[in-house]
Amino acid sequence: QVFNQHNAKAPSLEQAFHRMAQLEPNLDHDVSWFLLPSYWAKMVVALISFLCFANSYDGDFVFDDSEAIINNKDLRAETPLGDLWYHDFWGSKLSSNTSHKSYRPLTVLTFRINYLFAGGFYPVGFHVINIILHCTISVLMVDVFSILLGGLQFSNKGRRLNLAPKSSLLAALLFAVHPVHTECVAGIVGRADLLCALFFLLSFLGYCKAFRENKEGHTFSVFWVLVSVVLGAIAMLCKEQGITILGLNAVFDALVINKINLLELIRKLLYKDKALESVGLLRKGLLFRITLLMCGGASILYIRWRIMGTGPPAFTEVDNPASFADSLFVRAINYNYYYSLNAWLLLCPWWLCFDWSMGCIPLIKSVSDWRIIALAALWFCLIGLICQALCSEDSRKRRILTLGLGFLIIPFLPASNLFFRVGFVVAERVIYLPSIGYCILFTYGFSLLSKQAKKKKILAVAVLGILLINVMRCALRSSQWRSEEQLFRSALSVCPLNAKVHYNVGKNLADKGNQSAAIKYYREAVRLNPKYVHAMNNLGNILKERNELHEAEELLSLAVQIQPDFAAAWMNLGIVQNSLRRFEEAEQSYWTAIKHRKKYPDCYYNLGRLYADLNRHIDALNAWRNATVLKPEHSLAWNNMIILLDNTGNLAQAEAVGREALELIPNDHSLMFSLANVLGKSQKYKESEALFLKAIKANPNAASYHGNLAVLYHRWGNLDLAKKHYEVSLKLDPTAPGTKENYNLLRRKLEQLQKKGG
């Protein structure tokens, strides 16, 4: 190749780097692997990454998807786009005390676009975008690994050269098929990590472009450095980890572009050697570029801090028990144990779980705990790698190991608990980016083994076997993420001590109507975590429906005792107390729930039912009116208002409320039915008939709809139609109250008419 040479006496930084790189042996020389042209290598990576996760395309919304997507008002068109910049990932205001403080407006924006294009909450489109993103990232990895493993060089035409095509292909394949990525790809909420990774890599590649020598002979481009900072900011607006790319760009600049020997630099700093220029610290442009990166990062963090506010997110002990330990020793030991678990997931991603909290990983409280071995193993490996990265005489080895460790550790720092408490113990999604470092280290280790091995083909076959196993594991894990039932049940064998796993299995069973099985799992969740108020609340609800009221009351009372501001438990306790005819206590419980959650339409609805039972009709109507103000589509509250006004003879008011309700919820057949009854009593037969028929069209198997329409026809004198609908009603429900008597009256009347006619 021919390279630009502007001044033979004063070579550019790029040319100097090129000549130095030529002195290093090529990494691919030692790697026994496939050599493919760049285009084909990227095609292979894209295809294999697609095959790994393709079966997740038609999965449901699972686990956190419900809160982040289905229940997130920021996805709906009525929410102003500007609100996304002041809300957290879950749609809550960042200024709220209950906010998670996860600020990812660009990720939420992509969810909103998905929702608008699909015309609703259809998960296929969401899943397809996630799969495409992972394939795109995996393809970009070919270029990224070629730089990290082979170095950065450009041809005389300004085209970047791939000096490690075999190694970069292997590393990209390892990344593409790693099973730990399944949560990010198959779980829609994982899009935050995917988008963050995409702009993270684009920022890195943009920074590399800054060193492509231009026509004026400048050794770097300020424009591309600034582009890199902007892309880093975009990555952070997708997920918090994105900001770490600025630090990695600085490390890359120092190690690859300026070839600083860290050990030599440390020695000179310790001995206050003034000849720092010889190790590259003060070379032209390095400090300027690092200053740009630091200023950009500080500005991004400041703006984020201003938007988010100063208050940290409020996490509970069950989310991250180690961070609540009183002893600094216990916290440090357990944090390090968590790091070792993350490292193990990268090495052996066989035991995967959607949630690792709530007792899944018991705290280490003593040095006699055998799990201390994992910490020792982790630090033994890390210290060994760090020593090699600093002390090796092989410059290529120093560079690759340092970059591998940098990409492994730096993106993980926001999840490390070192700077602030995080809301999880272990989370597979947060090692999406750190797995880049793992792939670098694995590939370099493979090259060392290949260099020593006599039978290189056997080693290559072994690596192929690892890739194939990972592909199958990805496909299996993706299928488990397709539905909540499969996902939750898959966690039972991995984390049998995790109360949340049992809770979610129970909730899934309860949603499907299998209450008996749900009770078993809820009880186990409460046994594993006696302070698990959500499990107590759900178990109390099921027991209430099964009329086991006293045990339900005990559970709900305990839940509000543990968490006094648990509004849902207070409301459910009120329902149980109402069923036990302890009305004063029930009223007090309802008002306590409303005190802790002022906008609580369901609680106002239940309060209205209590007042109706006590014949406090005005209070009941006011409570239901409050429910409909807070939630205009609250059909039950509207219906109860219509029925109460109807039963108390206020037909005109009942009609007005019914019409108001149908304007807001025009397709609700129960409202049509209630208003039709009122209109029938007001002798507005034609309008009443139309509403009854519309309600029957929407719900043709409702016996009461046919029965009441028959009563309308009976009053109206349309006896044949009355007979027809009485018969339909009795066919649907032979025990329907009053219908049989009315039908018999009609038959006698018809018989009398026949006799008169005869």
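Heads up, the Cβ atoms here are built off N, Cα and C, so glycines get one too.
Looking at 243-266, 555-578, the range tied to transmembrane segment in TrEMBL is 243-266. Within the chain carrying the transmembrane segment (286-305), a Cβ under 8 angstroms from the stretch's Cβ atoms is held by residues 103, 210, 220, 222, 225-226, 228-229, 232-233, 236, 243, 246-247, 249-250, 253-254, 257-258, 280, all 6 or more beyond its ends. Long-range neighbours of the transmembrane segment (458-476) within the same chain, counting only residues 6 or more positions beyond its ends whose Cβ lies under 8 Å from a Cβ of the stretch, are 32-33, 48, 51-53, 55, 170, 173-174, 177-179, 181-182, 349-350, 446, 449-450.
For the repeat 'TPR' (703-736), same-chain residues at least 6 beyond its ends with a Cβ under 8 Å from one of its own Cβ atoms are 669, 673, 676-677, 680, 685, 688-689, 692-693, 695-696, 742-743, 746-747, 749-750, 753. The stretch in 188-208, 243-266, 403-424 that contributes the largest number of Cβ pairs under 8 Å to the transmembrane segment (220-237) is 188-208.
Below 8 angstroms of C-beta separation, residues 61, 63-65, 68-69, 89, 104, 106-107, 110-111, 123, 126-127, 129-130, 133-134, 136-137, 140-141, 143-144, 147, 152, 160, 224-225, 227-229, 231-232, 234-236, 238-239, 241-242, 244-246, 248-249, 252-253, 411, 429-430, 432-433 of the same chain, each at least six residues beyond the ends of the transmembrane segment (188-208), sit close to that stretch. Predicted-model confidence for the repeat 'TPR' (533-566) is 94, expressed as mean pLDDT. Distant neighbours of the transmembrane segment (403-424): 100, 148, 200, 240-241, 243-245, 247-248, 251-252, 255-256, 312-313, 315, 319-320, 322-323, 331, 335, 338-339, 342, 356-357, 382, 385-386, 389, 430-431, 433-434, 436-438, 440-441, 444; these residues of the same chain sit at least 6 beyond its ends, with a Cβ under 8 Å from one of its Cβ atoms.
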